[in-house]
Amino acid sequence: MDVMPKWADVVLIPVISILLAAILSALVILAIGENPWEALKLMVDGALGSTYGWGYTLYYATNFIFTGLAVAIAFHARLFNIGGEGQALIGGLGVAIICLFIPWPHWTFALLGAAIGAALFGAAWAAIPAFLQAKRGSHVVITTIMFNFIAAAVLNYFLIGALKAPGMEPATAKFPEATHLPSFQDMFNFGETTFFRGAPANITFFVALAACVALWALIWKTRLGYEIRSFGHSETAAKYAGISPTKIIMVAMLISGALAGMMAINNVQGEAERLVLNAVEGAGFIGIAVALMGRSHPFGVLLAALLFGFLYQGGAELALWTSIPRELIIVIQALVILFTGALDNMVRMPLERLFLSLRRAKNDGRTV
Amino acid sequence: MDFATLLQMLDATLRLATPLLLACLAGLYSERAGIFDIGLEGKMLAAAFLSAAIAAVSGSVWLGLLAGIGASMILSAVHGLASITFRGNQLISGVAINFLAAGLTVVIAQSWFAQGGRTPQLTGDARFNPIQLPLAETLQDVPILGPIYYELISGHTILVYVALLMVPLTWWILFRTRFGLRLRAVGENPAAVDTAGVSVIWLRFAAVGICGILCGIAGAYLATALQAGFVKDMSAGRGFIALAALIFAKWRPWYALYACLLFGFLQAMSLRSDVIEGVVGFQVNGQFLDVLPYILTVVILAGFVGKAIPPRAGGEPYVKER
């Protein structure tokens, strides 16, 4: 029997962790001479106070859903994919090639093509670290870190070489009109009132939602998902049950890379409509915080991604109106990773003790 | 490429290899004791910031160095708390530390100095200045050896020599002292060490502490010797190159020196693309040279050249049997 009820594990611990992170962040804001309460109000107002703010929040959240799901599926196989950043960069390369060189008749086909391209490129970039882990036992964390740097160099090579558009900037040409995805502004335009005006959120958000559902079904409703989870719980037991570790490591990492790569249909095809240097802007790493906070569950990831989307857009507003730099978001992200990931036991152990003593008290009451 | 250019390149190699070497040895202590540390980058960055900030405010580079070591030690303590005391995931803790340093340094620098996340330029005693070794001037005209001594060996900051001395010292500590034996044992088989009545917790904290000191020196070197002040993200992936060097060196001190010199040479080459073009006859992409350390390490990991086997208990929190 578990020490704690399930709701405590799923809800209480993440909430306490996020509160701890919030308190420390508030202290940081206090220390640099700003008012944390005012800062929070500014953030809420900037990120959720208008459809424009929501448009940005949901745009960022879309990125984080993809990278968060990527980290989450790897976590289920007890693999830590830090390479989301590089996989998303290479996914962007795939999107750029597909949008630039194939004459798409309509955006629906372009979206399908780009999604497949992004997933294939992202998965390919995860394949080598996965292979080294499966066959050579080289730690996937180390290799994926290195592949992030190599990806940046590859992208740089293409953007100053083969794919560079005329001009000074290391970027590709603008994608053709037919590949442009409908933004929320196009989709929620009701004549007089236009919602989400000028915000980058686009149809990819719904693709991300579909990815959440698909991944949930994969993990909990298919044989493959079962194999991945059992491998994550105990490698020896999984082996005994006839599950091939090589297969699980490869498949989990390929799905992970494909999901990270698919982020590119949001930021490259949906927003920028061309490929620029450093297109991912750290979203690959935020996926780690998102997956940890979401407890590697697709719906948890969705909620955590929305929270980080809010933090990201709110942080941008803060940097605009106060002297608090945007990097505060990186601090919050670090604290979330620290408390929900590394210091999990610090929150968990006292809670477990509390629940144990509560249960004991209850049992004692019954016997007397 | 003439002799003078070669010397210049090697001189730059030594300067660029120094922070790699210090961070690599830092990781060596930690990982030999069974604590993976991918937070080298963050510790260096935090140390670079605080050393530059304190050196700028106090005017003394030595106070800066101490402050830098202090900043790095605080992050080491967090890592120790998370991965030793609370038996958390060492890799996740390292990731958190990297981001904590990347964010906090800019936030604090901005509110302290208001120069867009930098510290003021350091001058005079607020920096480590080159040391002229004895007789360097007089021996300068001796053919071949004179310029080598004058250009390459003499004229570095004290931290370069400290880093080089750390290599034999680390070898001696790890392979010739009781502490070193226990430290290596705790990374291979902590239960055996525990059975012998030696505290696993204490040993691992000691290793993580040494790691913090060395990362602190490495960071201080970046901001007060190699460059004159802190700029955002100035560690620029060096912590990860040091990690690659550690694998490349298969967790051994002397090989760490060679790996760091090799990777430092690659960095020196990417700074002097004109020289490279003159030698090989075609233009080499500087970015390619920057990531060559990673590619080489992946080749090593793929098992084409030898096999890199990490300490056996690395990454595993130690739980006493009950």
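Each Cβ is built from the backbone N, Cα and C atoms, and glycine gets one as well.
Annotated transmembrane segment per TrEMBL: B:12-30, B:42-59, B:91-113, B:153-174, B:201-223, B:229-248, B:255-271, B:291-310, in sequence order.
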With Cβ-Cβ distances below 8 Å as the criterion, list the same-chain residues six or more beyond the ends of the transmembrane segment (B:42-59) that contact it, or say none.
19, 23, 26, 65-72, 74-76, 94, 97-102, 104-105, 108-109, 112-113, 119-120, 122, 124-127, 211-212, 215-220, 222-224, 229-230, 233-235, 238-239
If one takes Cβ-Cβ under 8 Å and requires six or more residues beyond its ends, the residues near the transmembrane segment (B:153-174) are 11, 14-15, 18, 21-22, 25, 28-29, 32, 128-133, 136, 180, 183-184, 214, 217-218, 220-221, 225, 253-254, 256-257
Would you confirm whether the transmembrane segment (B:201-223) and the transmembrane segment (B:91-113) meet the contact rule of 3 or more C-beta pairs below 8 angstroms, pairs 6 or more apart in sequence?
no
